[in-house]
Structure formats: structure tokens, C-alpha cells
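Asker: Below you will find the structure I want to go over with you.
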Amino acid sequence: MGAWAIAVHGGAGVDPNLPKERQDEAKRLLTRCLDIGISALRSNVPAIDVVELVVRELETDPLFNSGRGSALTEKGTVEMEASIMDGPKRRCGAVSGLTTVKNPISLARLVMEKSPHSYLTTPGAEEFAKKQGVEMVDNDYFITEDNVGMLKLAKEANSILFDYRIPTVGTCGAAVDSHLQMNGLPISVYAPETVGCVVVDKEGRCAAGTSTGGLMNKMSGRIGDSPIIGAGTYACELCGVSCTGEGEAIIRSTLARDVAAVMEYKGLNLHEAVDYVIKNRLNEGKAGLIAVSKNGEVACGFNTTGMFRGCATEGGFMEVGVW
Ligand SMILES: NC(=O)C[C@H](N)C(=O)O
């Protein structure tokens, strides 16, 4: 029997000026999610079930950018995406373009388990959701007042915002001064707030899941890294990885898969592998990731100012941090 470990994230790239109440709120949610995961792991719930359980909790709470509280498209609508992967057999499921599925991570799991495919997008994904009887809600359910305000600011600034949750115009103005550009539009890099969870259970089974609304003011139809297996999410016999940050850069870097690849082919341990990919693979992009290994190790890495994250191990280690 091995030792379990779990990590969760709520996005990389936190604004140094993010008000303390917001930081504390995020830390409380991450702690609650870790506690849910820990008690499931203590009851021998398999890693893949723990990942789904924890990501559902994050999707249901409006604080982070997934499920309710998702970032809005340029049209003011929500288009969500998610993926999940079960390490031992490298089974995976992914979904994108969802507008009415309450918990995208659970639909990704159903794609993995109940369809002959790995990835479904709309409209087929939502037809499949209806057939599977998953909970569906009106698109309005996902839209929060905060996000409507941030979309307005993003439009005024002609920006695609990573950091859409900064609550004041002044800070947002600073955010869009970022040097980064996407198709000629400035991108702020403070608080992406996609969610993810990685787990290794006592049997040494690794699993990973990621869920997001993507980028504020994104084009309708834009798909980021989160539903792309190998980019935003990856799990195998060695490790489980979930990423967050600038989706286009994460896709270019196949960030999640690269953690596993350097462990597999260079013989690095989990911490070395995470450091290696953050330093060497992120060509000019800003991102972060969480990872666990089959040996019960947990690691986190980012090249942004901060990352909302938490982790715990069977040995009693527990940490929730932002910077
Ligand atoms: N919030 C995020 O982490 C953004 C996500 N990686 C995306 O590009 O869609």
C-alpha cells in the first residue's frame, strides 16, 4: 500500500493587489475542497472519484472560473470546458463549448466511461449530456454580476482578460497594461482562476481533472488548454497533472504531458520534473500546474506572481497558499 496525496488549484497569476478578503475567501474554498478530498481518500475512494468530487465542488461555488462564475465570452455567454484522466489505463474524457451542463467535469467523466470517444464538443456534447441524464441548467445560472462587470471593463479596454476578477476599475486598468499580447490584444496575467485537482490514492493510482470557463472576453468557439489531454490535464501510471494559465502557451508546450514525459524518459522525480517543465517548456507563456506522483509526492510550480493552490499528503502535510 502506498500513501495518498492530493492537490487543488484555483488558477495561476494572482494580482499582487488582490484584496486580502478575496485571498482569504479563495483559501477557505481551497481548504474546504482539500478536506472533502482527504476524507474521501481516508475512506479509500479511488483517485478518479476524488478528482471528480472535488472539481464538482469548485464548479458549483461561484468564486473561481469554472461552472457557475465562469468567464464570459465576448457575447456575454458562458462556454465551459473540462477534462479528466485516469492514470492506470490512461483513460480520458473531455468536453467543450458547454452552455447548460451544471458540472462539466462529470460530463467529461461520462465521455470517458459511457461513450466510445475521448472528446465531445457542442452540440453533440450537450445531446450526450441529456441522454445521460446529467443536471442541466439555463445559461444564466453560470453568469454572475462580478463577471458581467469584468466583461464590460474588458470590452472597454479592448482586452482579453486572464485576470477578470480584480474588483476595481483601477486595478483592472493596471492589469490590461500587461506586456503580453494575444492577437494584438493586451492580456492581463494576474488571476486566471481555472480549477483543477490531482490525486494519488493508496493503491498508487493517479488521476487529474481541470475545468474552466476559459478567458474573459474570449471569442465564441475559442478552446483553451483545459480540455486538451496532454496540455491542461494528464495522468498516467507515474503522475497526475493539472495546469492553469495562458491556454495558448500551455497548448504549445504540451505542459501536463511533459511533466510525465521527463519523468518517464529523463528519470526525474516529480519535483525535478515540475521545475524542469516550468523553466524549460513555457516559451514566453505564463502558467502554473499541480502534480502528484504514484509514490505519494505532491508538487506545484508556476512562473506567475502567484497561484491559488492547496495540497495535502497522508503523512500529515497540508498547505494552502497564494504566493
Ligand atoms: N483560467 C485559466 O487558467 C485559463 C485557461 N488555462 C484557458 O486558457 O482557458
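Including glycine, each Cβ sits where the backbone N, Cα and C put it.
What TrEMBL says about a protein is an automatic prediction, not a curated fact.
For THR194, the entry in TrEMBL reads active site, nucleophile. Taken from TrEMBL, the feature substrate binding site applies to ARG222, ILE223, GLY224, ASP225, THR244, GLY245, GLU246, GLY247.
Just tell me what is around each of these and how deep it sits.
Answerer: For THR194 (active site, nucleophile), other Cβ atoms within 10 Å of its Cβ number 34. Annotation note: THR194 (active site, nucleophile) sits in a coil segment as assigned by DSSP.
Sequence-distant neighbours of ARG222 (substrate binding site): residues of the same chain at least 6 apart with a C-beta under 8 Å from its C-beta are THR73, GLU79, GLY214, LEU215.
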Asker: Rounded to an integer, what is the Cα-Cα distance in Å between GLY224 (substrate binding site) and THR194 (active site, nucleophile)?
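Answerer: Their Cα atoms are separated by 11 Å.
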Asker: Calculate the distance in Å between the alpha carbons (Cα) of THR244 (substrate binding site) and THR194 (active site, nucleophile), and round it to a whole number.
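Answerer: Cα-Cα, rounded: 6 Å.
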Asker: Can you tell me which of ILE223, ASP225, THR244, our binding-site residues, come within under 6 Å of ligand 1 at the Cβ?
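Answerer: With ligand 1 as the reference and 6 Å as the Cβ limit, the list reads ASP225, THR244.
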Asker: In terms of DSSP three-state secondary structure, what is the assignment for GLY247 (substrate binding site)?
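Answerer: Looking at the DSSP assignment, GLY247 (substrate binding site) belongs to a helix.
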Asker: How far apart, in angstrom, are the most distant Cα atoms among the substrate-binding residues ARG222, ILE223, GLY224, ASP225, THR244, GLY245, GLU246, GLY247?
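Answerer: Value for the max Cα separation, rounded to a whole number: 16 Å.
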